[in-house]
Amino acid sequence: MTWPEVQPSDIWVVAVYVLILWVPGLLLGKALGARGWVLFGTSPLITYSIVGLAGPAYSAAGLNWSTMSFGVTVGIIAVVAGTVSIVSARSPASTGRRIAAVPPPSEWSQAASIAVAAVASSAAVVGAAAILTGIRTFSAIPQDWDAVFHANGIREIATTGNGGLFAMGQVNWYEDGIAVFYPNAYHLLATIAYQLTGSTLPVVLNAHTVLIPGLLAFSLVTLVRRLGGRAVLAGFSAVVAVSISALYDLLWRGPLLPFATGLALTPLIVVLLLELVDAPRWRGMARPGVLLSIGLAGLLCLHPAIMIGGALFAAPAMIQRWWQQPSSARTDLPVTLLSGLIGAVFCVLQLAGAASSASNLSAIDWPADLSQNEAIGELLTFSHAGPFPQWWIVAAVLAGLLGYRRLAQLRWLGIVAVGFGSLFVIAASSDEPWANSITSFWWNDRWRLIALAAVPLCVIAGHGLAEIQRVAWDGLCTIWSKMRSARNRDRSAVGSAVVAVAVVIAFALLSNDLYFARNAARMAQNVGDGPAISGEEVAGIRALADIVPAGSRVLNDRGDGSAWMYALAGVRPVAGHYDGFRTGPDAAILARQFKDYPTNPEVQAAVQRLNIEYVMLGKGFLRPDTQRAPGLTDLSGANWLTRVYINDDVVIYRIDDADLDAGRQREGEPVASG
């Protein structure tokens, strides 16, 4: 195995990202009454809500989003948190906790909490290492469809200070009358990391990507803790979370970074919901109610499809609660709906933006290319688009199902797995209108749906490993006889921990280091010297920054990797993304007919309106079946273009109107004077 290349500056970017991801959420979460694992686990979600709401609000007020506005926002939160803490300390304690359908979390010992934190942290390191082994270096440029949109969007926010919900779309959809909504919490926080560190945008993207498996691991630990699960179950769930390949498929394919971030934080909605419905009535519900509203807003600000997924994730938890104690529904429903309403008020800008783009859902339809049996097989064997099943995770799930009753307050996770698993099978195997309709929130994209199904399966598989540990330890205790003295109880805890470590080691060995090589290989599919953008093309883009005058656009081909010029060098392209849907008339006519520039007044007018002086063409294309835009073919012999830069993969031309005018004179055409 070749070790990845990591520079000290890369570690600095990751460290900054961790700080800005946790600190704002910790401050606000503490002010709103969260404590312990709930506070730590939910902090990233709260942070995304803060920035996702603040950025568009600043924009609506005519203020820029920057490190200063971020600092002001965090400062205000710190003052509020301090004030609330002082007031709470002087107020009489709340009494009369409601009779909860979900028992309060059983206490973990301090040693158990430390052990779980160590296991989850180790799992996070394994996940990050798998990603980094695949991409080789933090500066690797993701080659697939979505990466350039995210990178250009961050550059747009950093350059213009516009944190509005339609701002990022201006990179590609900039002509009059075209406005494209995209939720931007991910990009707003990434902008702060970019500005604070001064790093490149590929490094910023990858510095966050390596954190996503850890975010999922800690989210599941927080969920298990809040629902009274054993510490060993929490630790095993974290281990399984960084092993399942479905998560990594979101990180190389696209990569779907805001969606993957939201997916990793989705279990926390259940945690916040239980904090509300188990709070003392009614005064005690205020702070957890606001916290739930903020959590819902965080998911929406990351991705609307994730908010819908979060609602579907939480519903079975409440159904189990009401089944166990039907009377609790009378209070749970009103306070939950009220929190949802408050969250909607918080997100009025996001909801309006999402409504404006709802019609676009039908424009994207991933084809169903699996049979129903194939889809079911891939779901049950964790082998979606993989070379072979993840058999040891399958075995862990089967063990979890054998001891399913012992999942207790987490049994509802099976319904979540079946629900999202069914949606995956439908999306993968059917193109019927009804199938497309019910999966359209996720663009009929089976990769997203199987990842959502994998989240609850992580806990069920973790439960299987925990059951193996329990049975093994009970067997040993039976052989050696149970210990009864305080001293022996201490030894019993140590012995149980030793067996848990043995199970983790056995699972890691049997699964080939938690499927490390498999997941690293999947990540490697998205990086390298092409196909979309090569090292030579990056060099051409760097040169472009020294050639092109400020304020002008560069004409480029939508199918090659040249759209990266904005993210890498700050030069605005005509085609700012691979997506040509709803682009304006000027960009469209240039793609079709630019080579007719000398004789086509409409093309000339489009060039003038977009202030284009240079043309850049890259050799590589994102998709192998893509061909050069017809208007950009056969340019090498044009006498009205001067080649100003060339390497093996890039050519840059200057549009020379003087040469064009000379050609017109030779042909007897009048030359405009100015």
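Here the Cβ of each residue, glycine as well, is placed from N, Cα and C on the backbone.
The transmembrane segment feature in TrEMBL is assigned to 12-29, 36-58, 70-90, 111-135, 203-224, 231-251, 257-277, 289-313, 410-429, 449-466, 492-510.
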Short question: which residues 6 or more past the ends of the transmembrane segment (231-251) have a Cβ under 8 Å from it? 108-109, 112-113, 115-116, 119-120, 123-124, 126-127, 130-131, 209, 212-214, 216-218, 220-221, 224-225, 257, 259-260, 263-264, 382, 384-386, 390, 393, 396, 447-448, 450-451, 453-455, 457-459, 461-463, 465-466, 469-470, 496, 500, 503-504, 507-508, 511, 514-515, 518-519, 522-523, 526
Near the transmembrane segment (257-277), which same-chain residues lie under 8 Å Cβ to Cβ, leaving out any that are not at least 6 residues past its ends? 33-34, 38, 41-42, 44-45, 48, 98, 100, 102, 146-147, 150, 183, 185-187, 205, 208-209, 212-213, 215-216, 219-220, 222-223, 226-227, 247, 250-251, 285, 288-289, 291-292, 295-296, 298-299, 302-303, 305-307, 309-311, 313-314, 317-318, 321, 328, 331-332, 335-336, 339, 448, 451-452, 455
Residues from the same chain, set at least six apart from the ends of the transmembrane segment (492-510), whose C-beta lies under 8 A from its own: 109, 111, 115, 119, 232, 235-236, 239, 392, 396, 465, 468-469, 472-473, 476-477, 482-483
Residues of the parent chain within Cβ reach of the transmembrane segment (70-90), under 8 Å, 6 or more residues beyond its termini: 20, 23-24, 27-28, 30-32, 50-51, 54, 192
What stretch of 12-29, 36-58, 203-224 shows the most Cβ pairs under 8 Å to the transmembrane segment (449-466)? 203-224
Spatial neighbours of the transmembrane segment (410-429) far in sequence, C-beta under 8 Å, 6+ residues away: 223-224, 227, 229, 309, 312-313, 316-317, 319-320, 366, 368-372, 374-376, 378-379, 404, 435, 438-439, 442, 444-446, 449-450, 452-453, 455-457, 459-460, 463
